[in-house]
Amino acid sequence: DLFAAVEPILPSLQEDDIVVWVLGSGPYPPGVVALQELLDAASEELEPEDVWQPEDMNDTCLYIFTSGTTGGCLGLAGRGALGESGARRRLPLPGLPKAARVSHLKSIMCLSFYELVGASSRDVVYLALPLYHMAGSLLGIVGCIGIGATCVLKEKFSASQFWDDCRAEGVTVFQYIGELCRYLVNQPQRPGEREHGLRLAVGSGLRPDVWRSFLQRFGAIRIVETYGMTEGNVTLFNYTG
């Protein structure tokens, strides 16, 4: 779906020896690797370990492109910007998206994400987060692989369809960002909103008022709030609720 955005800059990418892989039916221009054809022709046998095992787990596995808000800082002076000590406040300026390096080790660690929050192979995980973000790709997809859970992928989140999707697919776990829960709480009330199998919601950025409204309206769902950064080495989990 996104190839049209890349196609105009293909010549410059190829000049820099950057290979473009595309998943989906073609045709594609020369030099573009069509993954679906290769997947269809690939053997089911696993290659020897020395072919695919990284030499160093701290080597780069992939790059995640962040929003770029740390691209620069603005220093402010004056009454509103100076505290009691006269310290200068610095506000982030929007910058260009930048590539954040993710190591093989960090990717492998994401295999245990859902196990840490109490999910298991019996769960059905509802994922509507973008897969170009670490929460969707590494925590969501890789996390499901780690516990052998079923993953229900939604191309675009729909608050009006969410509970119908949960009932139809037997969803038991929902991975959110805070705004998704707010969208659900702001929907008009409908019959049967508590008739679902959702038992666990895990994610980041859930405001306390939305948290309370979510539980009051949709039932006793365990919520585990987490916090981590693409470029950070520490993750926080709110085990106590």
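Including glycine, each Cβ sits where the backbone N, Cα and C put it.
According to TrEMBL:
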type: DOMAIN; residues: 95-235; note: domain 'AMP-dependent synthetase/ligase'
type: TRANSMEM; residues: 131-153; note: transmembrane segment
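Tertiary proximity for the transmembrane segment (131-153) is limited to same-chain residues at least six positions away from its ends with a CB under 8 Å from its CB atoms, namely 64-65, 102, 106-107, 110-115, 119-125, 165, 169, 171, 173, 175, 177, 203-204, 230.
The average pLDDT computed over the domain 'AMP-dependent synthetase/ligase' (95-235) stands at 92. Break the domain 'AMP-dependent synthetase/ligase' (95-235) down by DSSP state and the numbers are 55 helix, 29 strand, 57 coil.
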